[in-house]
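Copied from TrEMBL, the annotated features are:
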type	residues	note
ACT_SITE	A:Lys198	active site, proton donor
BINDING	A:Met6, A:Gly7, A:Phe8, A:Gly9, A:Val10, A:Val11, A:Gly12, A:Gly13	NADP(+) binding site
BINDING	A:Lys98	NADPH binding site
BINDING	A:Glu183	L-homoserine binding site
DOMAIN	A:7-122	domain 'Aspartate/homoserine dehydrogenase NAD-binding'
DOMAIN	A:130-308	domain 'Homoserine dehydrogenase catalytic'
There are 2 protein chains.
Amino acid sequence: MKIGIMGFGVVGGGVGELIATNAESIKRRSGEEITVAKILDLRDFPDSIYKCFTKDFEDILNDPEIGVVAEVMGGTNPAYDFTKRLLQAGKSVVTSNKELVAKHGTELLRLAEENNVNYLFEASVGGGIPIIRPLYTSLAANELTDIYGILNGTTNYILTQMIKNGASFEEALKGAQENGYAEKDPTADVEGFDTCRKTAILASLAFGKYVNSDEIPCEGISGITLEDVAYAAKFDSVIKLLGMTSRAENGVYAMVCPAILKSSHPLAGIDDVFNGIMVRGEGLGDVMFYGRGAGALPTASAVLSDIIDTVKHKQKHIRLGWSEGEDGYLLDSKTLPGRFYARFKRNGEEPFSGDGFDVITLDGAEYADEFAVVSPSMTEYDFEALLDGPLAKYELLNKIRLVAE
Amino acid sequence: MKIGIMGFGVVGGGVGELIATNAESIKRRSGEEITVAKILDLRDFPDSIYKCFTKDFEDILNDPEIGVVAEVMGGTNPAYDFTKRLLQAGKSVVTSNKELVAKHGTELLRLAEENNVNYLFEASVGGGIPIIRPLYTSLAANELTDIYGILNGTTNYILTQMIKNGASFEEALKGAQENGYAEKDPTADVEGFDTCRKTAILASLAFGKYVNSDEIPCEGISGITLEDVAYAAKFDSVIKLLGMTSRAENGVYAMVCPAILKSSHPLAGIDDVFNGIMVRGEGLGDVMFYGRGAGALPTASAVLSDIIDTVKHKQKHIRLGWSEGEDGYLLDSKTLPGRFYARFKRNGEEPFSGDGFDVITLDGAEYADEFAVVSPSMTEYDFEALLDGPLAKYELLNKIRLVAE
């Protein structure tokens, strides 16, 4: 089987490296030899072991020997157009491109089915952690109810630095950039957009109907301070950025926000660039997947697992996908009950107290005029009403959407 | 697609229940309706929603409409004979029967291939946790190096009771039996045989050659005392029963034994009846799978996922399996370096001290004449030589094969 690679960056280079070094075991597992026939990239790679580079997409599209193409260029343009044309030409496409899957997955999966080929995207969520395939294979017998987790390694690294080493958000971000864990423009990571796209893919696949990532309420970690970390610690908890989706009777909930997790929570101990994804199903209980959520070789190995799967399923469409979304299917997350955290300056007033509320105060002069509360379970609308009512006399310093045991 | 179920105990009943209650989503996922045509069991179930019981295996074997059979009877006799005849008759078999897979998997997988049908066993390890399928799909692109984990819920429950609640082994076992987590005869669980079979299956599948569970060194938890738990705690560690296998240049290592894990180890926090399985691959790093390793519905859902997979792959053999084992392939685990724990009565002698050794002592009169050591990394032969040499003057109270960060 000959394959094409579109994009020879970190992930594409990793795919090339794995195919070159693991040729024999790949052959044993897929049943035939896999060789790279063409690599599309605008740059030159004179030192690469590969000599089959092209700058013209048509070279891959029109090569009748290429049956599978790894799209690892990222972004939606021109990846969207290229992927469409490849599928229409009867070639399978495997990808790590979460942006494209989150935006155009419905159409691309339909095109793959119509042309009896495959569009697979194991690498789009969780790097090398197998999570996409279990959702349409091993876990397919379960009525899944919830998926939530730490889906972004950059923000988890930053939060870990804040929690364990007392680094400020800015210091931790700088360190992440110096270590290559964060991009120069870290917006997509720290504001939660990356987590949001992955959440949309998980929600669409697990519950069968398209969820648009643009419509998911999304909050990142740039507002989290060392004070919040300290209050959480006093509450025997840590702060993590979570992507979450849950099935309800008449639709699904999805959201991305920082969460305060009790230290006994299985996700609380997942530090640094690691990801952890919890899947809950009726009967199944909780299953968690944990591993390095990014990095060249883990992500490349996920891409390669999809290549091997398409080779094993030549001429056969693998059933996965979701139907079109519909208005009102994504439910208003403010109606989903949960516990809320808020931190206040009390400006000389007595701290709030109320039935079912945990009130947290810290020692030290700098915290003398502050307190934080964790509410009992309520909707966000009810919590907002409290902030406008009995809590309005305090100065709100920060709030966090979710507190979980 | 019509299926047969052999054995209507806890798991078989769960399979029947899931098929009845999730009919629609199963149809959506597998592409066709799945109905139970025949159930083999010697008992009567007058209250079951199913009316298709039989006491005669031939009824299933000779039903031309049955394409897949779930073998959830357990044991090797008559399951081995039945499975062979079903595969030879061109029917796929899915199973939760770890004993049969560990003993006769090589032959049964070969029979499945020869007859262009499938023999799948996701439910044999980890209950509802997807671990077997990822090894031959998502993780297939990786050169795996190590798999180890907590594979038995009963022993993990007992150890958790000892660690968290100070219950003795006997008390904890009694509690496990009362809660239905342990059988009346708990030997297979507490002596590690169940973990050992699962370890053999993982080793065979991950590294491609049969490993006989009878040849894997296997030690259970019946020798673990509250004193060991206390010394481990002082060392900031917990005791867990692990099944382990690693690839080496000229073969594989495999063993089952209690291990002392630092509390920061990802497996250290896995308590009660939960299982956790770590998979390490070149490039991939560590990936962990976590969930409820037993129970009727989780295990049944794993069986059902295999049924759905065989329905999706009708007339197509799914590539998984391993080749025959060979003499010398399973390496002597005593040559595998590791750190060892041993606890001694010192009978008035000064506690041992040595380069690279951690010496642990506990407060309290009852521990005054005791100490424990954790050795630096060495082979078990070298450690045994120490026990016979410089450590021989102390009275050995217990030793534990593995200490891991």
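For all residues, glycine too, the Cβ spot is worked out from N, Cα and C.
Just so you know, TrEMBL annotations never went through curation; they're auto-generated.
Source: prediction; values computed, not measured.
All features noted in TrEMBL, drawn onto the structure.
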residue  : record                    : Cβ within 10 Å
A:Met6   : NADP(+) binding site      : 24
A:Gly7   : NADP(+) binding site      : 23
A:Phe8   : NADP(+) binding site      : 22
A:Gly9   : NADP(+) binding site      : 13
A:Val10  : NADP(+) binding site      : 17
A:Val11  : NADP(+) binding site      : 28
A:Gly12  : NADP(+) binding site      : 24
A:Lys98  : NADPH binding site        : 23
A:Glu183 : L-homoserine binding site : 13
A:Lys198 : active site, proton donor : 27
Measuring CA to CA, name the entry from the recorded positions A:Lys98, A:Glu183, A:Lys198 that ends up nearest A:Val10 (NADP(+) binding site).
A:Glu183
Secondary structure at A:Gly9 (NADP(+) binding site), reduced by DSSP to three states:
coil
Per-residue pLDDT averaged over the domain 'Homoserine dehydrogenase catalytic' (A:130-308) comes to what?
94
Candidate binding-site residues A:Gly7, A:Phe8, A:Val11, A:Gly12, A:Lys98, pick with smallest Cα gap to A:Lys198 (active site, proton donor):
A:Lys98
Through the lens of DSSP with three states only, how would you label the residue listed as 'L-homoserine binding site'?
coil
Including all protein chains displayed, how many Cβ atoms other than that of A:Gly13 (NADP(+) binding site) lie within 10 Å of its Cβ?
21
Which of the three DSSP-derived classes (helix, strand, coil) applies to the residue listed as 'NADPH binding site'?
helix
Cβ within 8 Å of the NADP(+) site's Cβ centroid: which residues qualify beyond A:Met6, A:Gly7, A:Phe8, A:Gly9, A:Val10, A:Val11, A:Gly12, A:Gly13?
A:Ile5, A:Gly14, A:Val15, A:Asp41, A:Val72, A:Met73
Measuring Cα to Cα, how far is A:Gly9 (NADP(+) binding site) from A:Glu183 (L-homoserine binding site) in Å?
14
Looking only at DSSP and grouping its letters into three states, which state does A:Lys198 (active site, proton donor) belong to?
helix
